[in-house]
Amino acid sequence: MELVVKSVSPETLKTATLVVTVGESRVLAGAARTVDILSGGAVSLILKRGDLAGKVGQSLLLHNLPNIKAERVLLVGTGKEDELSDRQLKKIVGAALTCLKGLGGTDAAIALDDLSVKNRDTYGMARLLVEALADGEYVFDRFKTQKAEVRALKKITLLTDKVKAADVERASTHAQAIATGMALTRDLGNLPPNICHPTYLGEEAKALGKAHKNLKVEVHDEKKLADLGMGSFLAVAQGSAQPPRLIVMNYQGGKKGDQPFVLVGKGITFDTGGISIKPASGMDEMKFDMCGAASVFGTLRAVLELKLPINLVCILACAENMPSGTATRPGDIVTTMSGQTVEILNTDAEGRLVLCDALTYAERFKPQAVIDIATLTGACVVALGGHTSGLLGNNDALINQLLDAGKQADDRAWQLPLFDEYQEQLDSPFADIANIGGPKGGTITAACFLSRFTKAYHWAHLDIAGTAWLSGGKEKGATGRPVPLLTQYLLDRAGV
């Protein structure tokens, strides 16, 4: 879908559909008022008849209004308030898209200047709107033999005045890059585990590297992992016929010698739980256990689209967790790359076992900051539900930067404590550390485990177990989060 920014009067634009807004007060303003005046009061007359109450997300389609170049005018309700919430704006965009997709036209124009969102300037509002448009266009039907017949919109024009045009252009550019990254993340997450395994992700990384000269890609196999001393990582993979892969993608967009930012993604392409096997119900959704790695892929894709002037290293720890005669047993003790030993009390707490070695590996890049992203704990879903990612770390400035980025991107996170008292729950009588800390504070103790391997740099941990995918029904699938949060964080660091 092409997005174009124009500064013209709405009534003069030739388009299949012009989208304007009407509130519950039904007092017309902006583009709606202009259309009403030029059409001889056609809009006012319809509102007086009660055909549109103006509630958020309501819509009414008008055809062939006099003196209006658009073939149709779509009225969309914006509710009672002068300023919308982020959620209301997304609902309005969704309602407009639903209507537009059912029409014969392939283009539309949206009057942006009539929309106002709480605590957002022109850039923030326009970016949220464009991201919502892109989200509404996403379809994953690769394995459907009969594709859904949906009329695709080929072009949307964003109408704004000349003073705001530069901000809207910038917002549109950023939003489209983020949407591209989210779509890649969703595609990878939605792929079945018989296709999307560690080797597949390695090939995807190599393909991305070939397409971009400033992206160096290395894919390390199990022999290299053994040479590196990644005993914890290898322990997770040893029960599967699928070999593990450590994928390292090094983007050089900044100056040579600039310290990079490092993103580390959990890439468990299917998680049965291993010997500590999960219940059968819902196990199909464990293909989403690689969404941390998928979100790193997506964020990198957005960074490449935007050509951000930063250095970024992306490390993906990819494995499959399966039960077999060669699988890790509860009670096994392994030696991590750091030299610390781990007693594996539960093989279903495997994400931290691959991440700890990847986090140790990250030290060699002398990073400005390291952020790991993982569908790590069910406890995070219990604590925060499906709307907010869990955030923990060892540096307050980094935590605050990520919280702010999440707020800006409408991809929120919430900080949980990382107090020393929780560390005691990981004590083991036989090894340096146990891989679980009991039933209480599971998200926190998982982060405490990771913190043992991140003392050399500023580090944050995003637990996306509740936000990376939706369960059940037609909406089931990967969400693309937290690509908006991570991209916003990197945009802020790049200063663009």
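Quick reminder: no glycine exception, Cβ is built from N, Cα and C everywhere.
So that you can see what the record holds, here are the features copied from Swiss-Prot:
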BINDING   Lys266, Asp271, Asp289, Glu350  Mn(2+) 2 binding site
BINDING   Asp271, Asp348, Glu350  Mn(2+) 1 binding site
ACT_SITE  Lys278  active site
ACT_SITE  Arg352  active site
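Lys278 (active site) and Glu350 (Mn(2+) 2 binding site) are 12 Å apart (CA-CA, integer value). For the recorded positions Asp271, Lys278, Asp289, a Cα to Cα distance of within 10 angstroms from Asp348 (Mn(2+) 1 binding site) holds for Asp271, Lys278. Listed in sequence order, the residues Val236, Gly267, Ile268, Met286, Met290, Ala319, Asn321, Gly351, Val354, Ala374, Thr375 complete the 8 Å Cβ shell around the Mn(2+) 2 site centroid, once Lys266, Asp271, Asp289, Glu350 themselves are left out.
For Lys278 (active site), applying a Cβ distance below 8 Å and a minimum sequence separation of six or more within one chain yields Asp271, Thr272, Met286, Asp348. Each of Val236, Ile268, Thr272, Gly273, Gly274, Ser276, Lys278, Met286, Asp289, Asn321, Thr347, Ala349, Gly351 belongs to the same chain as Asp271, Asp348, Glu350, is absent from that list, and has a C-beta within 8 angstroms of the C-beta centroid marking the Mn(2+) 1 site. Neighbour counts of Cβ atoms within 10 Å were compared for the binding-site residues Asp271, Asp348, Glu350, and the top value is held by Glu350. Of all the recorded positions listed (Lys266, Arg352), Arg352 has the fewest other CB atoms within 10 A of its CB. In the three-state DSSP scheme, Lys278 (active site) falls into the coil class. The Cβ of Asp289 (Mn(2+) 2 binding site) has Lys266, Ile268, Thr269, Phe270, Asp271, Asn321, Gly351, Thr375 as same-chain neighbours under 8 Å, each 6 or more residues away in sequence.
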